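Copied over from Swiss-Prot:
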ACT_SITE  Lys68  active site, proton donor
BINDING   Asp17, Lys39, 66-75, Thr121, Arg182, Gln191, 211-212  substrate binding site
Amino acid sequence: MAPVDIPDRDRLIVALDLPDLRVAEAMVDRLGDSVGFYKIGYQLAYAGGLPLARALVGAGKKVFVDLKLHDIGNTVARGVESLSHLGASFLTVHAYPQTMKAAVEARGSSKVKILAVTVLTSYDDRDLADAGYRFGVRDLVEARARQAQAIGVDGLVCSPEEAAHLRGIVGPEMDLVTPGIRPAGAAAGDQKRIMTPAKAIAAGASYLVVGRPVLDAPDPKAAADAIVAEIAAARGS
C-alpha cells in the first residue's frame, strides 16, 4: 500500500512539458489551486525553465525536477549538488548502481528525494531486446527496484502496470511515481504501458504524473480537478 499521508491534490503531478517559461507560467496561473505539484523536464529546463522551480516553491507548490541524470559518479554528484538548491521535492536519476549511489550521497542534508527511473514507459520487451538487454521489462524493473532500495533511493519511477508488483517488493515506504497515466478515453500517445488514475492508485502508486491529458484539455483546470477527484474516490477519501 502507498503512503497514506499525502493529500489527494498533491498526488497529481502535472508535467509542464511546454516550450518556454512564458507558456509554463501561464499554465500554472490557469491551473491555480487545483494543482500543487509540478514536474519540470528536459523541454522546459533547457528552455530556461529551471528558475520556475524556485518560483513555484516560493509560491507554496512542490516541484519534481525530471532530468534523469546518468553519467560517471562524480558528474552526477555535482549535478545533484547544484540542483538540490532549487528546493525541489523530487529529482530523477537513471537506475544504474553508480548513478544512484552518487546521487544519494551528494544529496547531503537537502530535503530533495532521489527517484530512480526503472524502465521508461515508452519501452516494452521488444524495445529492450533491440537495445541488447537480456531481461524483459518486468524482470529488469524488479532487479533495478531491489538495487535502488538497497542503495537508499527514496522512490521509483515506474509504469503503473508494475506498481502492484513493486509495492509487494519494496513495501509501503518507498514512493512509486507513475507516468503513463491516461484517464478513460484519452489517447495513449507514445506511451505503451498505461493505466487510468483510479487503477494506478489501487495498484499502489503514490503519485501520478500527467501531462497531455491536462495541458491539452479544453479546460485544463477542470481536467486536473477530475483526476484529483478520481484519485480521492480510489482512495476512499
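Cβ coordinates come from backbone N, Cα and C, glycine included.
Sequence-distant contacts of Asp17 (substrate binding site), defined as residues of its own chain at least six apart whose C-beta falls under 8 angstroms from its C-beta, comprise Gly41, Gln43, Leu44, Gly211, Arg212, Leu215.
Its Cβ placed at the centre, Lys68 (active site, proton donor) has 18 other Cβ atoms within 10 Å. According to DSSP, Asp17 (substrate binding site) is assigned to coil rather than to any helix or strand.
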